[in-house]
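K.L.:
Sharing a structure here in C-alpha cells format.
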Amino acid sequence: EKQGMEVRSAAQGWAGGGRALLGAVLLCVWWRAAAERVRYAIPEELGRGSLVGPLARDLGLSVDELPARKLRIVAGDEKQYFTLEEDNTNLRVNDRIDRETICGAVSACVLSLEAVVENPFDIFHVSVTIQDINDNAPHFDREFVTIEMIESTPPGTRFPLGSGRDPDIGANSLQKYELTPNPLFSLLVRESPDGTKHAELVLEKVLDREKQRKHHLILTAVDGGDPVRSGTAQIMINVTDANDNPPVFTKEIYTFRLMENLPEGSLAFQVKATDNDEGTNAEITYSFSDIAKSIQQLFTLDPGTGAVRVTGALDYEERKYYEMTIEGRDGGGLTAHAKVHISIIDVNDNAPTLSLLPILNPIPEDSLPSTVVAVINVRDRDSGENGEVSCKIDGNLPFRMETSSENSYKLITASALDRENVSSYNITITATDRGRPALWSSAELVLEVSDVNDNAPVFEEAAYSAYVAENNAAGALVLRVQARDADAGANGRVSYWLAGGSAGAAGAAPLVSVEARSGALYAQRSLDYEQCREFAVAVRAQDGGAPARSSTATVRVFVLDRNDNAPRVLWPAAGAGAAVAPGEAAGAAAPPFEVVPRSAEAGYLVAKVVAVDADAGRNAWLSYELVQASEPALFRVGLHSGEVRTARAVSERDAAKQRVVAVVKDHGQPALSATATLHVVLAESLQEALPELSERAAGAEAPAAELQFYLVLALALLSALLVLSVALAVLARLRRA
C-alpha cells in the first residue's frame with residue numbers, strides 16, 4: 001500500500017453542562033492498496049455537508065475527466081450517510097452519524113461503500129472509520145442505592161454498587177470511580193473480561209449501630225474525555241441488628257448461552273441461593289441489583305424462585321452479550337450477589353439484502369463481453385456461515401456475476417447482445433446465505449438494450465422491373481421500391497437516392513427521380529419507345545445512422561410501345577415522277593406512274609407499295625388494301641406484301657390511263673393508316689405512252705391558268721369597288737355643302 005496524506009484538525013469544547021461543538025475533528029487518511037481501497041476517518045456527529053475527503057483527487061481523477069468518468073457511490077446500508085458534491089469531487093456527510101447508534105460498543109466502527117467510475121469502468125472500495133467523541137457522560141442505572149448491613153458484618157465484606165455506563169469507547173468511556181471519603185468504607189473496582197468496570201463497597205471497620213444507624217456516600221463515575229464528564233449515584237447504608245447467616249448463591253458467576261430466536265416467555269435460566277438461618281431469616285427474595293434498563297426490558301426475574309424468563313426479542317445482530325447482577329436478600333435484610341453472563345447465539349434469521357447500482361442502462365448492443373452493467377452490494381446481518389452470501393442470476397441470460405469484493409459483485413456481459421433479437425432483459429439476481437435453512441432475497445433489474453447501427457437497409461427485391469407505356473405524363477409513378485432496416489430510431493430510418501444507371505446521358509436530365517422518404521420512382525418527362533426502349537437505374541437505400549449504412553437495388557424500366565406512329569409510304573413517294581413532261585417547269589415533279597403493256601396477263605406485277613411503321617409489335621404489322629381504282633376489277637393488292645398486280649388480263653376496252661389508290665394500315669388500337677397513289681399507263685412501250693403523259697402535263701397546266709384568271713378578275717373587282725366608294729363619299733360631302 002502507498003501511504004497517502006493525512007490531515008487532522010480538531011477543536012472541541014464543553015461549557016455549562018451542555019455540549020457545544022466548536023470545531024470538527026477531521027482526520028482524512030487514505031491510501032490505495034492492491035484492491036483499490038481508499039480509507040478515511042472522521043469524528044462522529046459532524047454536520048450535514050461536512051467534508052469527509054477529496055474522493056476524486058484521491059482516486060487520481062482530474063477535474064477535466066470527471067464528467068466523462070461519471071463518478072458515483074453505492075452503499076449497502078439502508079441510510080445513505082455520505083454523498084458526493086454536485087461536481088463529484090468531494091465526499092461529504094449526508095446524514096447525522098452517531099457512532100453509538102450505528103456500532104454500539106464495537107470499537108472499530110467502519111462504514112463501507114463503493115465508488116464506481118466509467119470509461120473505463122473501475123470500482124474503488126471506500127471505508128470510512130467513525131471516530132468516537134466524548135458526547136456521552138457516564139450514568140448509573142440506579143441513582144439511589146440502598147444497602148442493609150448488620151452491625152456484626154465483619155470488616156472486608158464487599159457489597160456490589162453496580163456499574164456506571166458510558167456509550168463512548170476508548171479514552172472517552174468510563175475510566176474510574178470515586179467515593180466520598182469515609183473511614184468505615186473504601187471503594188474496590190473490579191474489571192470484567194469485556195472491560196466493564198464494577199464498583200464494590202468494602203467495609204473497613206466494625207459498624208456500631210448505637211453510634212450511627214445510617215451512612216450516606218456519593219459514588220462518582222468519571223470518563224477520560226476532554227473535557228471530563230461524570231455521573232453520580234447516592235449510596236444509603238442502613239445498619240441493622242445481627243442476622244447470623246447471609247444468603248449464599250450456588251455460584252458467584254453464572255454463564256449462560258441463549259439462542260436469539262428464544263420465544264418470549266421461555267425460561268432463560270435460574271439462579272439459586274441458600275441461607276442457613278431459619279424462619280423468615282431464611283426466606284430469600286431475588287431481584288436485579290445491577291442491570292441496564294434496556295436489558296431489564298428483555299428479562300423478568302421471579303423474586304421467589306430466581307427463575308429468569310425472556311420478555312423481549314433477543315437479537316444477536318443488535319447485541320451479542322448481556323451482563324447483570326442478581327441480588328438475594330433474606331428476611332433479616334442480609335444480601336448476596338451473583339454475576340450473570342449471557343452470550344447470545346446467532347441463528348439464521350436475517351435474509352440477505354441487495355442494493356443495485358446500474359452502470360449502463362440502456363446498454364449498447366455492441367458492448368464487448370465483460371462489460372460492467374451494474375454493481376450489486378450484498379449485506380447479511382447474520383454472522384459466520386449464516387452471513388456468508390452467494391449471488392447468482394436466474395435463467396439463461398447473456399450475463400454473469402463476478403465477485404468484486406467481499407460484499408459486492410459486478411454484473412457483466414457474458415456474450416454478445418443483439419437488440420434486434422432481444423430488446424430488453426428482466427434480470428433477477430438472487431442472494432442466498434449458507435445458513436440452515438438458507439435464506440434468500442432477490443432483486444430485479446430491467447435492462448434495456450440500446451440500438452447501434454449494425455444493420456444495413458435490405459431491399460425486398462435485389463432487382464426490380466417496371467413497365468411504363470410511352471407518352472406518359474411527366475411525374476407519373478413508375479414503381480415504388482421498399483427497403484427495411486432492423487435497427488431502431490434514426491438507425492432504422494431509410495431514405496432513398498439515385499445511385500446511377502443508364503437513366504440519363506451525361507449532361508442530360510435523368511428520365512426518373514426517386515422520392516427520398518417513400519422510395520417512389522417518378523418519370524421526369526414523357527418517354528418515347530422509338531427513342532428509348534429500356535433503361536436501368538440504381539437506387540440506394542441509406543439509413544440515418546452515424547456512420548450511415550446503405551444498400552443498392554437495380555430497377556429496370558421497360559417502355560411499352562403505343563400506336564403513336566402512322567405507317568409511312570416509302571414508295572411510291574408523293575411528288576416523285578418517272579419522267580418530266582415537255583414544257584413543264586424544271587423542278588415541278590409529275591405524279592409517279594407505271595407502264596403496263598396491254599398484253600399483260602392476270603397476275604402481272606405492276607408495282608410494289610413499300611411502307612414502314614416506327615412502332616413495334618402489332619402496332620407495326622402492316623396490311624394493304626385497294627381503296628380506289630379507275631378499273632377496280634383490273635388490279636389487286638397483296639394483303640401483306642403490298643404488291644399491285646393485275647387481277648385479269650388487260651383488254652383493249654380498258655382506258656389507257658389508270659389511277660390506283662392503296663391504303664396501308666397497322667394493327668394498333670386504334671389503327672393508323674396512310675395512302676399510296678399509283679398512276680398506271682396501259683401501253684406496249686414508253687414511246688406509246690408519251691402522248692398520254694403529255695396530255696397529263698397539259699391537263700395539269702390548265703387548272704393553273706384557270707386559277708390565274710380568277711385571281712386577276714377578283715383584283716379588278718376589288719379596285720372598282722374602291723373607286724366607287726371614294727366617288728360616293730365625295731358626292732355626299734358636296735351635296736351637304
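Note that Cβ sites are derived from N, Cα and C of the backbone, with glycine treated the same way.
For 70-140, 141-249, 250-354, 363-459, 460-569, 596-693, the entry in TrEMBL reads domain 'Cadherin'. Here TrEMBL flags 709-732 as transmembrane segment.
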K.L.:
How do the residues of the domain 'Cadherin' (141-249) split into helix, strand and coil according to DSSP?
P.N.:
3 helix, 58 strand, 48 coil
K.L.:
DSSP on the domain 'Cadherin' (70-140): how many residues come out helix, how many strand, how many coil?
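P.N.:
In the domain 'Cadherin' (70-140), the DSSP-based counts are 5 helix, 30 strand, 36 coil.
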K.L.:
Can you check how the pLDDT averages out over the domain 'Cadherin' (363-459)?
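P.N.:
Across the residues of the domain 'Cadherin' (363-459) the model's pLDDT averages 90 on the 0 to 100 scale.
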K.L.:
Could you tell me whether the domain 'Cadherin' (250-354) and the domain 'Cadherin' (460-569) have 3+ CB pairs under 8 A, leaving out pairs under 6 positions apart?
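P.N.:
No, the domain 'Cadherin' (460-569) does not contact the domain 'Cadherin' (250-354).
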K.L.:
Mind pulling out the one from 250-354, 363-459, 596-693 with the most Cβ pairs under 8 angstroms to the domain 'Cadherin' (70-140)?
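P.N.:
Comparing 250-354, 363-459, 596-693: 363-459 has the most Cβ pairs near the domain 'Cadherin' (70-140).
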K.L.:
How many of the residues that make up the domain 'Cadherin' (250-354) does DSSP mark as helix, as strand and as coil?
P.N.:
8 helix, 48 strand, 49 coil
K.L.:
Take the domain 'Cadherin' (363-459) and count its residues per DSSP category (helix H/G/I, strand E/B, coil), listing them in that order.
P.N.:
4 helix, 49 strand, 44 coil
K.L.:
Could you put numbers on the helix, strand and coil content of the domain 'Cadherin' (596-693), residue by residue per DSSP?
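P.N.:
With helix first, then strand, then coil, the domain 'Cadherin' (596-693) has 12 helix, 41 strand, 45 coil.
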